Every structure is written in structure tokens, then in C-alpha cells.
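The block underneath contains the structure these notes are about, expressed in C-alpha cells.
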Amino acid sequence: MLVSAILTSVGINSALCVLFVVLYSILKKQPSYYEVYIPRLLTEGNSKRRSRFNLERLIPSTGWLPKAWKLSEEEMLSSSGLDAVVYMRTITFCLKVFSFAGIIGIFILLPVNCSGTELHQIDFEDLYSNSLDVFTISNVNRGSKWLWIHFSSVYAITIFICYLLYHEYNYISSKRIAYFYSSKPQPHQFTILVRNIPVSAGSSVSDSVESFFTEYYPTTYLSHIVVRRTSQVQSLINDAKQLYRRLLHLQSEPSEQKYKQVGLFEKKVDLLDHYGKRLEDLEQNARLEQSEVSLAKDTHAAFVSFKTRYGASTVFHLQQSTNPTHWLTEEAPQPNDVFWPFFSSSFMGRWISKLLVVVACILLTILFLIPVVVVQGLTNLSQLEVWFPFLKSILTLAFVSQIVTGYLPSLILMLFLKIVPPIMEFLSSIQGYISHSEIERSACNKVLWFTVWNIFFATVFSGSVLNQISIVLDPKNIPAKLAVVVPAQASFFIAYVVTSGWTSTSSELFRIIPLICSLMTKCCAESTDDEIEVPSIPYHRDIPRILFFGLLGIAYFFLAPVILPFLLVYFCLAYIIFRNQFINVYAPKHETAGKFWPIVHNLVIFSLVLMHAIAVGIFSLKKLSLASTLVLPLPVLTLLFNEYCRKRFLPIFTAYPAEILIKKDREDQNDATMSEFFDKLATTYQDPALMPIQYSADSESLNRPLIPSAEMSM
């Protein structure tokens, strides 16, 4: 790819970034768009709608930048949780890595690459017509002593990254413990989920749980709640809720048509009365279904609560029965984090679901190779002219060819990638996880490795599926093949960083999709009185994107250091924009207390080993066999370092140690509110679908002038 094509892509995306930022700074000040750009501030009462017109609203401003910049980590921790802190520290980690790498890459490695003549000499007078390949290591002459600088840089960046990884793992581990210490007693700390409960003839699941835990854990057992299958009840409740909102809208809007003509004789029907009766019928059916569910339809699962955290943790870690398939224990999620549809599956159903998810992920990976092949064809004009001969005359235009080769491929790939996170989240939801946070972490892993394989490996090894499989099955030749194909794709990944990184992050600030949805709702929706929904940040979408760009930066650090400035711009944008979003937009719904960090750590280790494998192949191709040999200890040392971190820090992210649990339990002994907490704990994990339904309890109020706001929150 030519320099001119890359500059065209940079120009287009830079213009889009500026446009998004300017539009955001204007629309953010418009009261009609507060629910799009500051929903969190609205719900927290920190911002009020203003009706008076002010010319200042139409003038772009940068007032949001200082607020985002000044946000401290402690403020973020208290307002958005430890997961938000881990997310931002992932970005700052990448900033530190690529600031250090950028100094070495731009000021040392890039001049060395430009001084080579392996491909051809750079024409500085006509820089736009040069290929980006002359800025890569491919341009350094074979056997050149200058390659030892690249060798030294590989060692330097590896040591620096491992140092930062250790520091971050240690810091986040201590933050996780401190976060636990500072938290008030939480229901999930005293509760576990027990599945596959054996039931003897003539007894119920509840009886089995009661007898088992009173016999084996008499001093710590507190209470339990049996989990029921409530999917049908939940469906009825959802229908009742929608109908109730419709009634509220009809009553609160004087201009709304409250009569409907039906039948051949056009009989008028009072909609308030009609919908009121339907609501009563739905509630009656839901109550009947609740009664049936409470008598049967159990899932042989129960939430079991204990008097101490240590007691719950002990039961969780011990095998409860001589039959290892009975009395299976899991940590209970937070009550608002429970994914209730999971309990509608049997043990065999969950096992089959996991198998189907694996097959679905493989099929999706294979199908995604189609857009990858199309994208690679766009980067090659000669190939594109073969596919579409009628475009040959158009492609001869310089600007058109620059757009097609520099901007269009990465844009198409980015658009296809938009559908991957929702698909992976759905696949994780049917895999048997018991909480939304577990589903999100599982989806994060799926999206991450899908991106690594389909965007990185499928691009560099662009070819048939069988060709890619043959590469994996022949591990001895992987370094040599990587050394050939990876540098050749440097220009494509630079364009990808600019398009998928810069523009996507700026569009995150502008919030295109929520803005469109808001406009459509105002034009078409029946009601505008619904409560503002504050979104939570989709970690399963954003963390894989950040880590993938980190992988690109590490892999191309010594191959094509020209990519580093583009990555630094991306991480700077992500740093300031997401801090702003945590203040104004996103509020946490679930908290994992930093469990996303091991995913970050593992991917960075993988990126380092990938860089080492490429380095071995590159130095072999460049006839510097000694350097290739001396690189071999690096992946071994990196994996040993990773194993040490797993032993040292990972257990803290799996479960809290007994030392901490016992200390917290002793502190609670002097807390007078613990008795009230335990009373509430007995019903905390009650399925929301089994709660009393009260939508039509005040049906007479539908004839009043306006329903009180307190009733609307029901």
C-alpha cells in the first residue's frame, strides 16, 4: 500500500473524528438529547433540563475535557466500581507501553529501516508514491549489523512490558482486596448456589437441602431458597408491564384517542376500560402460574445462605458428596446479577448447550473468512481488476484507488465486526452461566480470540481455510511463515487502527446508535414518559478492541514502528473519551471486582510470545542466525514469568483467602445491623418473577387526572 493511500485514510478518519467531537459538544448541551449524552447525570439528579434558549448551546466547546481529565481513580472507583478502574488502567498500561516503544521505534528503528536498500531506496522528493514496506524491517539488508538494534529492542520491550505487567497485577490484586475490605456485607458473600440436588422419594428439594445442610453444617447454615422454572411467569409479567405502561400513557395524555371503533357496526370501546380488564386477566393468569410454579417446576437447584463468609467459602470449595455429580456448588452472584433463564435448563441441557456453542463459534469463525478474503482483495488493485474488470477505468483514478485500498477495506471489516459481540454474548448466555457478569466475561474471551484469529491471523495468512489449518498443524514452520506474511500486512493494519480505532472511539463519544434510536422514539413511540435507562459499558465489546490494538502494537513494534504513533493517538482518544463516558453515560449494573484483568494479562503474554516467534523467523530470513538463536530464551522466560504471576496473583481473582474472610466475619460480630441483614438475606434471592404483582391494584386511579409518579415506578 502506498503512503498516499494511508494518508487518504488518515485524512478521512481525522475529519470524521473532528466532526463527531464538534457535534457532541453541541448536542450534549441540548435538553432534548440529555438522555443520550448525560443519562447518568440525569438519573443521579446532578443535571436538570433547561427550557430557555441560549445561544451558547449552538457553539462548540471543550468544557467536557477538563472534567474528564481531572477525574481521579478514587472517584471512579466509588462511582463506577473496580471494573471501570481496571478498564482505564488497561488503557493507561497500553499508553505506557507504546510511549516507551514509540521512542525506540520512531527515533531508532525507523531511521534504520529507512536507511536500508533491500527493497529500494526511499524517494524523499516523492514521498507519497513510496510503498510503506520501505519503512519496515523488510527494507533492512540481509546480514546487516543494524539488525542487532532490532534484536536489542525486542529484549528491551519484553523486559519493560513484563515489569509493567507485574506492577499492574500486583496493584489490581491489592485493589481487589481493599475493595472487599471496604465493602459492606453483601448477600453474595454469604451465599452459594447448589445444583444437582438429589431428592429421595416422598420429599421435596427444599426438604433435601434443609436436612443436608443442618446435618453437615449445623453451626453455619442459615437458610435457603429453591430455584424454580419461571420463564412462563416472566413472559406474562412482561406483557402485563407493557400493558400497564400503555394505560399510563392513555390516561396521562389528554390528546390521546381513548376510544376505538370495532366490529361491523363500529361500536366504540373505552380503551381505558378495555386495557384495564386485559391487565386484570394477565395478572390473574400470572398469579395462577406463580402458584403452580411454587408447588412444582423446581430445577433441583437452590441458593443456600450461611452465617459467615468463611462458612460459605468452605462449602463452596469442598466436594459435598461421594458422587461428584451431586450437590455441585458455585459462588452465588449478586442478587441483581443473577441470570434467571439459565435455571430453565437441565444438567444435560447445559452440557449440550456448551457443545453447540463451541460448534457455533467454529462455524462463525469459518464464515467470517468470507469478508476477510473480500477485504484482502480490495487492498490489491490487480486482484480487484481481475474480479471486477468493468471497474478498471475507475480504479485508474488516483483518488479512487487511494480510497479503495486505504480506507474501504478497514471500514468493511469494522462494520462486519460490529455484529460479533452481540452474537458472542448470545452464545455465552445459553452456555449455562448463572450471572450476567459471567456471561459478559465469557463473551469478552470469545470476542477477543475471534478477533485475534479472524482479523490478525486470517488477514496475514490470507488464503483458504485449509491453508490456515495446515499452518497450525505444522508448528515448526510458523515463525518462518509469520516472518514472511506479517510485515507485508503492516499498511493494512495501520489503516485498520485509524478506521476502527480513531473513528470508532470518536463515535463512542457521539453515540450514533443511541442518538438514532432516540430520534426514532420521539417520532414513533407512544410514550415519552418512561424512565431514562442508564446503560452499562459493554466490556465484552471494548476490552477485546483495546487488547487487539495492543497485540498489533507489540507484534509490529520492531517490524513496522510507523504504526506506533497511530496507536498512541488511539489510546489517547480512548483515555479521555471513556473517562468522560464514565462520568456522564455509563453506570455499573454488575461488578466482578476486577476479574477482567487476568484476560488482559493473558493476551499481553500471548502478544509477547507472538512477537518472539516473528523475531525468530525474521532474523533467520535476514541471515542473522545468531540473533535468531538468542531470541529463543525470550518466550521461555516470558512463559515462566506468566506462570509465576498465575501462582502469585490469579488465586486472588478466583476466591478470597481465608485470612480476609475471617477478619471480615470478626468485624461483623460487633455490627448491630447484622441481625437485620440476615433477616433480609432469607428472601434476597427470591426470583423476581415470583414477587407479588400489583399493576392493577389501583386500577380505579386510571380514571383520575394523572397517575402519581410513585405508581409509575412499579
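Positions of Cβ are set from backbone N, Cα and C atoms, glycine also.
Going by TrEMBL, these are the annotated features:
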- 5-168: domain 'CSC1/OSCA1-like N-terminal transmembrane' (DOMAIN)
- 6-27: transmembrane segment (TRANSMEM)
- 86-110: transmembrane segment (TRANSMEM)
- 146-166: transmembrane segment (TRANSMEM)
- 189-341: domain 'CSC1/OSCA1-like cytosolic' (DOMAIN)
- 233-299: coiled coil (COILED)
- 354-619: domain 'CSC1/OSCA1-like 7TM region' (DOMAIN)
- 355-374: transmembrane segment (TRANSMEM)
- 386-408: transmembrane segment (TRANSMEM)
- 447-466: transmembrane segment (TRANSMEM)
- 478-498: transmembrane segment (TRANSMEM)
- 546-578: transmembrane segment (TRANSMEM)
- 599-618: transmembrane segment (TRANSMEM)
- 624-641: transmembrane segment (TRANSMEM)
Checklist line | Contact check, the transmembrane segment (6-27) vs the transmembrane segment (478-498), 3+ Cβ pairs under 8 Å, seq sep 6+ | finding: yes
Checklist line | Remote residues contacting the transmembrane segment (355-374) - C-beta distance under 8 A, at least 6 residues beyond either end | finding: 412-413, 416, 420, 423-424, 427-428, 430-431, 446, 450, 453-455, 458-459, 462, 465
Next item on the list: Count the CB pairs under 8 A between the transmembrane segment (546-578) and each of 86-110, 478-498, 599-618, then give me the winner.
Entry: 86-110
Margin query: I need to check the long-range neighbours of the transmembrane segment (478-498): which residues 6 or more away from its ends have a CB within less than 8 Å of a CB in the stretch?
Written below: 1, 5-6, 9-10, 13, 131-133, 136-138, 379, 406-407, 409-410, 413-414, 455, 459-461, 471-472, 549, 552, 555-556, 559-560, 562-563, 566-567, 570, 610, 613-614, 616-618, 620-621
Next item on the list: Determine which residues of the chain contact the transmembrane segment (86-110) at the Cβ level, with the cut-off under 8 Å and only residues 6 or more beyond its ends counted.
Entry: 73, 76, 135, 137, 149-150, 153, 156-157, 160-161, 164, 168, 171-172, 537, 539, 542-543, 546-547, 549-550, 553-554, 557-558, 561-562, 564-565, 567-568, 571-572, 574-575, 578-579, 582, 594, 596-597, 600
Note to self: Checking distant contacts: for the transmembrane segment (599-618), what same-chain residues at least six beyond its ends satisfy Cβ-Cβ under 8 A?
What the structure shows: 86, 90, 93, 137, 150-151, 154, 157-158, 161-162, 165, 168-169, 441, 444-445, 448, 452, 478-484, 486-487, 543, 547, 550-551, 554-555, 557-559, 628, 631-632, 634-635, 638-639, 641-642, 645
